[in-house]
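Everything on this sheet refers to the single structure shown next.
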Amino acid sequence: MELGSCLEGGREAAEEEGEPEVKKRRLLCVEFASVASCDAAVAQCFLAENDWEMERALNSYFEPPVEESALERRPETISEPKTYVDLTNEETTDSTTSKISPSEDTQQENGSMFSLITWNIDGLDLNNLSERARGVCSYLALYSPDVIFLQEVIPPYYSYLKKRSSNYEIITGHEEGYFTAIMLKKSRVKLKSQEIIPFPSTKMMRNLLCVHVNVSGNELCLMTSHLESTRGHAAERMNQLKMVLKKMQEAPESATVIFAGDTNLRDREVTRCGGLPNNIVDVWEFLGKPKHCQYTWDTQMNSNLGITAACKLRFDRIFFRAAAEEGHIIPRSLDLLGLEKLDCGRFPSDHWGLLCNLDIIL
């Protein structure tokens, strides 16, 4: 979760920060909740009451005032929402979203096309969470991709998915705080193995989630991550990118390797890392840098964060390494998801999702 060109003055300052204050506070909430083993809403209350100073807030939580009146003011842990999202049959709330054409349905059925969605679903934003979760899940049900890569999943969101998406197998990078997830359509994608690679110096609970699968006789290695956030953590983010690329290089030559996730990358950071290896491509660049799906974090178009500065960045990216015997799987198209506001007046996430279709050469 989570500027580029921004407007002058305050807008330029917003880009230098790389992420608004509200986002930093959500990360503090996650850290607090992890330490205190409490709900994120409880963490937010204690941090806000203590001027967002972690140590003061934790002391307040673990050593509350003994007066009865003070105890009564302590917020109760908020239980998991009782309404669950049905991934399998819910109508999309985006009336303008074009549906999959019959030819694409046929291509999926006969195995000549492979589809994926990657989306930072902004689970740390608790406002309108149930409505936004329904919005995200309606897109997943509409497009029914073979693989779904999600970032910023939180336990209640995971429960939505786990309880109502029986047609998908879900692998997560963690089970507490916030984490990534990979969802595999059981009818097409056969899981062979999975692994989690820790980022040893992360300050934000980040890691690399990998699964090895088989699709229509093709061996694939699928990866997702949520790289370190904010401008101030660029060095750590670049180290994490290097780990991702190294892992992609180490995958068996017989496998097609796909990484999809929220990289938080600025183009200059990729350049500073030496660029991508010769055998790994950025799918957006491979497809000719289409303008319609360039920016996945766009505060001019997306009002969820309430930022006045017009900031556009391509945080969410897909990296692709073909198998040694090239030509079996080829990226074909890329589109944005989640561009319409929901009935609650907000978008499903502060990020747009990415829908990628790939051709399988039979």
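These residue numbers are counts, starting from 1, taken along the chain as shown.
A Cβ is built for glycine as well, from the same backbone N, Cα and C atoms used for every other residue.
In Swiss-Prot, the feature SUMO2 cross-link is attached to one residue out of Lys23, Lys163, Lys291, namely Lys23. In Swiss-Prot, the region 'Interaction with 5' end of substrate DNA' annotation falls on 120-124 of the listed ranges 60-64, 120-124, 245-249, 340-344. Among the candidates Thr88, Thr172, Thr230, the residue that Swiss-Prot annotates as phosphothreonine is Thr88. When the ranges 130-135, 190-195, 214-219, 226-231 are checked against Swiss-Prot, the one recorded as region 'Interaction with 5' end of substrate DNA' is 226-231. If you look at the region 'Interaction with 5' end of substrate DNA' (120-124), the same-chain residues 6 or more away from its ends with a CB under 8 A from one of its CBs are 1-2, 26-27, 29-30, 40, 132-133, 136, 150-154, 156-157, 178, 226, 261-262, 304, 315-316, 348-351.
Using DSSP to sort the residues of the region 'Interaction with 5' end of substrate DNA' (120-124) gives these counts of helix, strand and coil: 0 helix, 1 strand, 4 coil.
When other Cβ atoms within 10 Å of the Cβ of Glu152 (Mg(2+) binding site) are tallied across all protein chains shown, the result is 25. Lys23 (SUMO2 cross-link) is 10 Å away from Asp122 (Mg(2+) binding site) when you measure Cα to Cα.
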